[in-house]
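Per TrEMBL, these features apply:
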type    : residues         : note
BINDING : D445, N472, G474 : Mg(2+) binding site
DOMAIN  : 9-118            : domain 'Thiamine pyrophosphate enzyme N-terminal TPP-binding'
DOMAIN  : 206-304          : domain 'Thiamine pyrophosphate enzyme central'
DOMAIN  : 410-538          : domain 'Thiamine pyrophosphate enzyme TPP-binding'
Amino acid sequence: MSPLPTKYTVGDYLAERLAQIGIRHHFVVPGDYNLVLLDKLQANPNLTEVGCANELNCSLAAEGYARANGVSACVVTFSVGALSAFNGTGSAYAENLPLILISGSPNTNDASQFHLLHHTLGTTDYSYQLEMAEKITCCAVAITRAHEAPRLIDRAIRRALLARKPCYIEIPTNLSGAECVHPGPISAVTDPVTSDKAALEAAANCAAEYLSGKLKPVILIGPKLRRAGDGAEEALVKLAEAMGCAVAVQPAAKGMFPEDHKQFVGIFWGTVSTGAADSIVHWADALLCVGTVFTDYSTVGWTAMPDIPLMEAEMDHVTFPGAHFSRVRVGEFLSHLTTQVTYNSTTMIEYNRLKPDPVLVHTAAPDDELTRKEISRQIQALLDSKTALFVETGDSWFNGVQLKLPPGAQFEIEMAWGHIGWSIPAAFGYALRHPDRKTIVMVGDGSFQVTAQEVSQMVRFNLPITIILINNRGYTIEVEIHDGSYNKIKNWNYALLMHAFNGEDGNAKGLSAKTAGELQAAVKVASENTQGPTLIECSIDQDDCSRELITWGHFVAAANARPPRLPGA
Ligand code: TPU
Ligand code: MG
């Protein structure tokens, strides 16, 4: 550890806190309201500054970093920066990730002098950004005096860590260098809240009662399981083994239960489920939902909402039909319940009867035109225990969910927020934290066009990320929901773009594949390029999409098109 500064400024204080909570990289775009703050953050030897091409990408890179690291920081300038960074902050809120959004703001003297300022709405009220941030974070603070900074910074960070949601800290340009007191013990910010003993006991008893007399219990896992931390994922495996029942997983929770476990029955995604997960979930007479999120997308336009009373365990509470228990940590709850349940493998026995036989995967000949199926077959062969697979909004969601994850492989998806273009900056942020992982991105042409600039940061930091860009000449997912001429996009020469991003010193490689053999050769180039990203443009027919996308699109379109309900109807 480096020696602490003897005199702290607001900027030093923030830097120290960020480092203490385990942040090693902070994502920034400079602007005159945050430059002194950036100097202070730079001066902390435990933080590495990571410049991004724009604030949307900066916030999404921080979102990806939070997936890898548990918490992240994004530093932007007032309005022109922050309003763009709000998008990645919204993603962090929806995806339950503690992203600390930090914005520079005008000099503290300007408001009282009614000055008109650049990077504002052209009025003398600068409070709008704080008010907007309040809606998309769990805690938004604006520092107006240096001596309040320690209290406000600690409060915002603690709230974010506890709630697994983003927070917002606004620091005026003339306060980052202003003196304040030094930080107290970090445990005051990071120490977790433990379960209320009585509530924990009562919740476990209620769960045992919920299960008693039930013949066909099933566990359903949702994306909030991993976000809860707390050892919840490991505790759930133990509970499942004590219960002996079938375990299904929502698409956004793929990988949160080992796919090679004998009780894993597939991804429950209604009619586009894998295995026979939907049959077994609908067969259940008791459903233990852990961290589940039921949206129009995850329920296939509300067609797959379970219709039996549920037990729902969340990060810090448990709800049953007719009972609710607050301040129950999910990890502790699952461990407690493990000691009370009885073994009942009825749903596993039935699942083994229902499960589809393995399909024979056809291997294309080298000269065969490239297809979606062949791309999936080749990506499957790339996956190992070191892989982090990012799947972007579009058919990549469906193709990615179908893949079999080897033990240890990570799967990242942004299904709640669903921002096209998320995967490029998010994979960049993730790979910075986990350079040892083999990061692979499955992204469509339309999504890639939204945030393509961030590939240049992958080049800058020599990150060997493999980008499988599926070029089907447009917004196919939108075609399947509702088609129109707006779903066609301008084609790019994606492979050549890598040369542009290289500038004079980069190591990125850009390749394009139109046949199975070309893809195989390109994948080999990617695996040998350890000094930079490799983008492989995979050209497929515009109608070559998954059965699952077409089916899902049909039901989501129907849900979107429900006529307005009149009062009393
Ligand atoms: O596989 P495919 O062709 O569906 O993927 P591609 O090419 O990436 O197209 C994605 C099309 C898409 C849009 C335009 N998916 N969702 N949207 C709506 C949308 C618009 N803007 C943002 C920021 N996010 C969105 N999800
Ligand atoms: Mg496309």
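Quick reminder: no glycine exception, Cβ is built from N, Cα and C everywhere.
Considering other CB atoms within 10 Å as the measure, the emptiest surroundings among the binding-site residues D445, G474 are those of G474. Other residues of the same chain near the Mg(2+) site, with their Cβ within 8 Å of the Cβ centroid of D445, N472, G474, are G444, G446, I470, N471, R473, Y475, T476, I489, Q542. For the domain 'Thiamine pyrophosphate enzyme central' (206-304), the predicted model reports an average pLDDT of 96. Under DSSP, residues within the domain 'Thiamine pyrophosphate enzyme TPP-binding' (410-538) fall into helix, strand and coil as 58 helix, 28 strand, 43 coil. Under DSSP, the residues of the domain 'Thiamine pyrophosphate enzyme N-terminal TPP-binding' (9-118) split into helix, strand and coil as follows: 48 helix, 21 strand, 41 coil.
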